[in-house]
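What Swiss-Prot annotates here:
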| type | residues | note |
| --- | --- | --- |
| ACT_SITE | SER25 | active site, schiff-base intermediate with substrate |
| MOD_RES | SER25 | pyruvic acid (Ser) |
| BINDING | THR57, GLY73, SER74, ALA75 | substrate binding site |
| ACT_SITE | TYR58 | active site, proton donor |
Amino acid sequence: MQRTLLKSKLHRVHVTQCELHYIGSCAIDEDLLEAADICEYEEIQIWNVNNGERFATYAIRGERGSGMISVNGSAARRAAVGDILIIATFARFDEQERLEHRPRLVHVDEQNRIIELPAGIPVQAAP
C-alpha cells in the first residue's frame, strides 16, 4: 500500500508580488525551492493564512536570494502582497519509505529568508 505524505513545506512565507497576467504558476526564490526540495514545475498546494483560500498550481524559479513569492495568473486573485502562505508538496510512499520519511520543513522571516530547518513537526499539546 502507498500513502500520500507531506514531502515539503515552506511555512509562513510572505507574498511579495501578484501578477494576474503572467502565464501562471508561483515563482519562488531558488534558495527556498532548494531548501524545501521543490523542483521547477512541481505541483504545489498553497494555503493562504490571511483569507483561508486553498489552491494548487506549480512552482517556477524566482530570482535567487530575492525572497520572491509571486502568485501569478488566475491564482493572483487568491492572494495579495503581504499575505502569509503555507506552500506544501506531497509524495507517495510505500510502507518502508513511510517509516523512514521526514518532510523538508523551511521556516522564514518576514523577508522570506530562511531562519530554521526543523527536523519535524512537534506533537501539538492539548489546551
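Cβ coordinates are placed from backbone N, Cα and C, and glycine is handled just like the others.
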Could you round the CA separation between the residue listed as 'active site, proton donor' and SER25 (active site, schiff-base intermediate with substrate) to a whole angstrom and send it over?
5
Express the distance between the Cα positions of GLY73 (substrate binding site) and SER25 (active site, schiff-base intermediate with substrate) as a whole number of Å.
7
Other than its own, how many Cβ atoms are within 10 Å of the Cβ belonging to ALA75 (substrate binding site)?
21
CB neighbours of SER25 (active site, schiff-base intermediate with substrate) within 10 A?
19
For SER74 (substrate binding site), what is the tally of other C-beta atoms lying within 10 angstroms of its C-beta?
11
Over the residue list THR57, GLY73, SER74, ALA75, recorded for substrate, what is the maximum interresidue Cα distance in Å?
10
Neighbour count (Cβ, 10 Å) for the residue listed as 'active site, proton donor':
14
